[in-house]
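**Student:** Sharing the feature lines straight out of Swiss-Prot:
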ACT_SITE  Lys285  active site, nucleophile
Amino acid sequence: MINREDLLKNPVEDITLSDLKKYNDIVSVFDKIYGFSSEGIVNGSKILKEMIKNADLRFLSFTANLVSTGLRGLFADLIKKGYFNIVVTTGGTIDHDLARSFGGVYYKGSFDIDDTMLKDLEIHRLGNVLVPFESYGKVIEDVVRKFLPEITKDRKEISAYELLWEFGKRITDSNSILRAAYDKNVPIIVPGILDGSFGTNLFIQSQFLNFRINLFEDMRLIKDLIFSSKKSGALIIGGGISKHHTIWWNQFKDGLNYAIYITTAQEYDGSLSGAKPREAISWNKIRPDAKHVTIYGDATIIVPILAASLLS
């Protein structure tokens, strides 16, 4: 059997926009190639730039698995630089951001490592990212137990997005998504906030602390932001609840003006994750005259390319 130390040698590292400066003209290369998937990258870059320039409400929507990778730091930097002013994501994003902010280290691994062996070695596997037991559950539990009593001491009811700001306020890691959102006053909307370690620990602590999370306040906020905006756009990475919650709320003001989907899901099974923007038009979630594109590919490749193009 492989030694645990041999598997946990190379940590995953966060990147920032500064790491992408030398690639700021890379989309021009894809424009020359153009064929097949390159067209999506070129169009996605153009729409993203126009969205950031013209839309006053700009959604960054992504799934939690990406926060276990080096994209975590890039998401934080995109928030810091003001490219996006609202985030919609899933419960695991909070787990991974807290774990990595408070000492948890994730490691480079492989999709093909024996999972029974990993369990015996007390290592979780997330795709090809290895997460030692001690870098995940216990870290999150300790953080919630440490900070939640002081956060809820004088507030017995709090919205989820304000609760996340409170945790972000207590983070010193410059690559933290929660910290960046707190610093920039960007709300993080997590409709499935109870789905994960963070949510489970909130439930456990609620049995000892007298507090409630008011998710209706999160809905009120997103409603107010959408109805007060002139134009809205979204970079939607992955599918599931974070994708749907983003496009769902935009239907009530005739839909998004801009939409960039990055996905590996297909539409043949009727899934929300695989649905293209044109289907959302039929639901009033994206405007018929909106500028939109679907880019098929791994987000860990596509997102850095699009982010780099913002620097050109």
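Keep in mind that glycine also has a Cβ here, set from the backbone N, Cα and C atoms.
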**Student:** Would you count the other C-beta atoms found within 10 angstroms of the C-beta of Lys285 (active site, nucleophile) for me?
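**Tutor:** So the number of other Cβ atoms within 10 Å of Lys285 (active site, nucleophile) is 24.
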**Student:** Could you tell me which three-state DSSP class the residue listed as 'active site, nucleophile' falls into?
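**Tutor:** Once the DSSP labels are grouped into three classes, the residue listed as 'active site, nucleophile' ends up as coil.
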